[in-house]
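Heads up, the thing below is written out as C-alpha cells.
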Amino acid sequence: MTRTSGYNIAVGLIVAVGSFTYGFGFASFATSIGQPGFFAYFNLSTTGPGAAYTNHILGAVNALFFLGACIGALGGGPIADKLGRKLGLTIGSAVAVVGGALTAGSVHVAMLIIVRIIQGSGLGALATLVPIYLSEASTPAKRGMLTGLHGFFLVSGYNISAWVGFGCFFSKDLTFGWRGPLAFTSIPPLILFIGCYWVPESPRWLITKGRVEEAWSVLSRLHGDPSDPDEIAAHEEFYQMRKQIEFEVHNARGYMAILKTPAYRKRAFLSCYVQYAANATGGLVINYYSVIIYENLGLRTYLPLLMYCIYTLIGALGNLLSLLTIDKTGRRPSLLVGFTGCFICVVIESAMVGRFVGTANPGIAGQKVAIVAIMFFVFFYGLFIDAASFIYSSEIYPTNIRSEGVALATFTYFAACITFVTPGATAIATIGYKYFVIFACLTLVSIFVIYLMYPETKGQSLEELAALFGDPVIVHLTDATDEQRQEMDRDIKNELITKQKEDINV
C-alpha cells in the first residue's frame with residue numbers, strides 16, 4: 001500500500017488554505033456584527049422598533065452571501081472538470097480576493113449586499129474544489145487525514161477571524177472595528193493564489209484527459225516511498241486508478257447523469273444529506289449569531305466576542321483530533337457519535353434558554369449551563385461531524401462525476417445555510433429557544449438516517465468504493481489475492497517494458 005509522502009502533505013496544506021479562506025470569509029461578518037461601529041456606520045438600530053429592520057438587513061446580507069456561495073459551488077464542478085482542479089482553485093481564490101476587498105470597502109448596505117454575493121461565489125467555489133483535490137491526491141490509508149484538512153482549516157478560519165474581530169473590538173476607530181475583519185479576508189485567498197503555482201494537477205483528472213505520463217509523474221512524487229525504490233506500490237495504485245478511470249470515462253457525466261443513474265442518485269443522496277444534516281443541527285446558526293446568543297445569555301461588551309473565540313477554538317481543535325483519528329475510527333461511527341452528542345447538547349441548551357432566558361425569573365445558573373451546552377455542542381460537531389461529513393461527501397463518487405457530485409453536496413450545504421441562517425436573527429429574537437427545538441428534532445431524524453443508510457468507507461481506494469453502490473471494480477488492491485497481485489505486477493512490468501522500447505525508438 002502506498003505511503004503518504006511529506007510532499008503530499010505539503011501540497012495538501014497549500015490547497016487547504018482554500019478552506020481557511022472560506023472559513024475566514026464566512027466568519028468575518030459574524031464578528032463584524034459584534035462591533036458597535038458596524039451598526040452606527042450603516043445607521044442600524046439594535047433596540048426599539050428599528051431592531052426588526054436591522055434583523056431583516058442581517059438576514060438579507062447572509063442570504064445573498066449564501067446565494068453567491070451556491071452559484072460558486074455549482075459553477076465549481078464544471079470548472080474543475082473542464083479546466084482542471086488546479087486552475088479552478090486559482091480562479092476561485094482570485095474572485096475571493098476581489099470580493100473580500102470590495103466587502104471591506106462597502107459604503108452603504110446595498111453595496112455590502114451586492115459584493116457579499118461576489119465574495120460568496122469565490123468562497124463557494126473553493127469549498128467545492130478543495131475536498132475534490134484533497135480526496136483525489138491522497139492515499140487510501142490517509143485519505144481521511146488529508147481530506148480532513150478541509151474541515152480543520154475551515155474552522156481554523158472561523159477561529160482566526162474570531163480573534164481578529166476580538167482584537168478589532170478594542171480599536172478606538174469604530175469604523176476599523178468592523179472593516180478590519182472584512183479587509184483581512186483578502187489575505188488568505190491571495191496566499192492560495194500564489195501557492196497554486198507549486199500545486200500539481202490532480203493525477204486522476206490528468207488521466208481523464210489522456211495525459212497519462214504526466215499523471216504518473218505527479219502520483220509518483222505525491223506517493224513516493226524511499227523504502228520502495230522500485231515504486232511497486234505506487235505502480236499498483238496507478239494501475240488500478242488508470243484501469244478504473246478508463247472504464248468510467250465512457251459513462252455519462254454531469255448533473256443530468258447523476259439524476260438519471262440510480263447508483264449515482266444514491267451517492268448524491270448520501271453526499272447531500274450529510275451536508276444538510278450537519279447544518280440541521282443548528283451549528284451554523286449558533287456560529288453565525290453566537291454574539292447575539294451570548295448577549296441574550298447575559299454577556300456584555302467584549303465577552304460575547306471572547307466566547308465566540310473560545311467556541312471556534314474548540315471546534316478547530318476537535319477537527320484537528322478528527323483528522324488524526326478518523327482513518328482508524330471510520331466515518332460512520334464518527335457521524336453517529338457526533339449527531340447523538342449534538343442532539344443532547346441542543347436539547348439541554350433549548351431547555352435552559354426556555355426556562356431561564358427572557359422569562360420573569362431569569363437564572364444565572366441556567367444561563368451558564370446553556371453556555372456550557374453550546375461549548376460541548378461544538379466539541380461534538382468539530383470532532384465527529386465537521387471533517388467526516390466533508391470526507392464522506394467527496395470520496396463516494398467515481399471520478400467521472402466527482403466534481404459535479406461534490407458541487408451538489410456543497411450547494412446543499414449552502415442552501416441549508418440560507419434555510420436556517422437567514423431567518424436566524426429574527427427567529428432568535430421572536431421564538432427564542434423554540435428555534436433550537438426544531439434543530440433537535442431534525443438531528444434526531446439524521447441519527448436514524450445515518451444508522452440505516454450510510455456504509456463505512458475507510459481504508460479503501462476511491463476506485464474500490466464503487467462496489468458499495470453496485471458498480472464494477474476493475475482492479476482490486478485491498479483484498480487482492482497473491483495470484484491476482486502477481487498477475488497485476490506482470491501487466492505493469494510488461495507495460496513499462498513496452499514504454500521503454502517506445503522511448504528508445506523515439
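The backbone N, Cα and C atoms fix where each Cβ goes, and this holds for glycine too.
Please treat TrEMBL annotations as automatic predictions, because they have not gone through curation.
Per TrEMBL, these features apply:
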type     : residues : note
TRANSMEM : 7-33     : transmembrane segment
DOMAIN   : 11-458   : domain 'Major facilitator superfamily (MFS) profile'
TRANSMEM : 53-75    : transmembrane segment
TRANSMEM : 87-107   : transmembrane segment
TRANSMEM : 113-134  : transmembrane segment
TRANSMEM : 146-166  : transmembrane segment
TRANSMEM : 178-199  : transmembrane segment
TRANSMEM : 268-290  : transmembrane segment
TRANSMEM : 302-323  : transmembrane segment
TRANSMEM : 335-357  : transmembrane segment
TRANSMEM : 369-393  : transmembrane segment
TRANSMEM : 405-429  : transmembrane segment
TRANSMEM : 435-454  : transmembrane segment
* Structure fact -> Of the listed stretches 87-107, 113-134, 405-429, the one with the highest count of C-beta pairs below 8 angstroms to the transmembrane segment (146-166) is 113-134
* Structure fact -> Best-packed against the transmembrane segment (268-290), counting Cβ pairs under 8 Å over 7-33, 113-134, 178-199, 335-357, 405-429, is stretch 405-429
* Are there 3 or more C-beta pairs under 8 Å linking the transmembrane segment (369-393) with the transmembrane segment (335-357), counting only pairs at least 6 apart in sequence? -> yes
* Local confidence of the domain 'Major facilitator superfamily (MFS) profile' (11-458) - pLDDT mean -> 88
